[in-house]
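According to Swiss-Prot, the feature Zn(2+) binding site maps to CYS29, CYS227, HIS252, GLU256, an assignment based on sequence analysis. Annotation source Swiss-Prot lists ATP binding site at LYS288. What Swiss-Prot records for 31-41 is motif ''HIGH' region'. The feature motif ''KMSKS' region' is assigned by Swiss-Prot to 285-289.
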Amino acid sequence: MELRLYDTLTRDKRPFTPIDPANVRMYVCGPTVYDFAHIGNARPVIVFDVLFRLLRHLYGEAHVKYVRNITDVDDKINDRAARDYPGLPLNEAIRKVTEQTERQFHDDVDALGCLRPTVEPRATEHIGEMRSIIEKLVAGGFAYVEQDHVLFSPSAMNAANGVLPRYGSLANRSLDEMIAGARVDVAPYKRDATDFVLWKPSKPGEPSWPSPAGIATPGRPGWHIECSAMSWKHLGETFDIHGGGIDLVFPHHENEVAQSCCAFHTKRMAQTWMHNGFLQVEGEKMSKSLGNFITIRELLATNKFGGRSWDGATLRLAMLKTHYRQPIDWTVDALEEAQKRVAKYRRTLERFRGGKNVEVPHGVVSALSDDLNTHAAITELDALNRRANGVTHEGPTSEADALAANAIAADELRASLRLLGISVASERSGAVNQIFDQNIQRLIAVRTAARANKDWKESDRIRDELAAMGVVLKDGKDADGKPVTTWELAR
């Protein structure tokens, strides 16, 4: 089946042809580990996890290499470490911040059903590669040293007259437009407003390494050089796919292209550039000042959003309901809809436990192969779910034949959910089962109190919330005539 992907550089959807089908290579920009990941950060993680799964499905698990970096050297990390651990030496405080944040990031994305990348390199483990690229750029006349800084010159790149890509081509901006949009105050060590930092001197106490290009003062890398170095180390000078959020197109990805292409004298850093759209919350831009800033952890473990916590499958399905290139409005209504859909799938798979290993249906793979159209793929899931729960063909048939057809559809639904990374937990582990049961009992207790106070509105709300989880309540009385509520999973 032909995979077609939208390329940000060429601005069209075209067939994806890997450089080497036996070694398909993808790089995605990962987190800067200074704070817990918010729901906007979750979108590229989920989107490119689905692409990783699809590539493995099409080319074989052993033939796909996915690299997602960890940025563990950055001004924001330094600031957070100094704030949170004022009594510690800065380097020790930085280690605490980065280790804690990276651990929380992994817990969060694991809960969202994401596979770990093939390689997850840290920036601080690739300083040697960064220095090597910088040395190449200085030697080639694309970078210069000024006041213990090393800076890249886009003007020098564009002077190559077609031998290299034009700086600004990924973002579709001219150099003049970028100069006009630059801030009035240009750092004194820059020759031009568009020049950007590859390396800078470290202040006393800050992380530092021996500097490149003959600079005596120890320093540290700029942000953009980190990804060029890590992608080069693990994927080579040119690779198949580079992904990230739309906010990274300029300047980060534009600068990556400049560094890598000029250092290695290539026309393309990546064959295909993919970017997911923005996320807003209830129709507004997410920001702490508006009070709608929410982390993945808060969604999973608190009642901050919508008055309840949400499971990872619900969050993932809600994210995938919108095509990755479109903006997404993160709303309570959308999560409730996703939760109901997960509950429907769960009930179906509970009915058909066990099952057989079957191929993912053509309709699901076809949808995903059309520029990762997860919205269309979910429509296919809904159709499979309906087939598993009713007769959709005409003509006389035996009950056994009908049940067999239902079971096949359920098996195909299970395989499709697995490809999309959506775990509906049809067979919960003991620990998860205990948490699930405890949560239900807690809600029943709250509902019982509401009924005792004749708060029928609250009682109905909790009943509906449990119904969305696939739980059916039965109200009755015990042997002493006291009200009692029992529950079971819907069938």
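Placed from the backbone N, Cα and C atoms, the Cβ positions cover glycine too.
A quick note: this is a predicted structure, and the numbers were derived from the prediction, not measured.
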Rounded Cα separation (Å) that holds between GLU256 (Zn(2+) binding site) and LYS288 (ATP binding site):
30
Could you give the Cα-Cα distance between CYS227 (Zn(2+) binding site) and the residue listed as 'ATP binding site', in whole Å?
28
Calculate the distance in Å between the alpha carbons (Cα) of CYS29 (Zn(2+) binding site) and LYS288 (ATP binding site), and round it to a whole number.
23
Taking DSSP three-state, what's HIS252 (Zn(2+) binding site) in: helix, strand or coil?
helix
Just give the helix, strand and coil counts over the motif ''KMSKS' region' (285-289), going by DSSP.
0 helix, 1 strand, 4 coil
At 10 angstroms around each C-beta, which of the binding-site residues HIS252, LYS288 has the fewest other C-beta atoms nearby?
LYS288
Intrachain residues whose Cβ lies under 8 Å of the motif ''KMSKS' region' (285-289), provided they are six or more past its termini:
38-40, 279, 330
Rounded inter-Cα distance in Å - LYS288 (ATP binding site), HIS252 (Zn(2+) binding site):
24
Tell me which of the binding-site residues CYS29, CYS227 sits in the most Cβ-dense spot, judged by other Cβ atoms within 10 Å.
CYS227
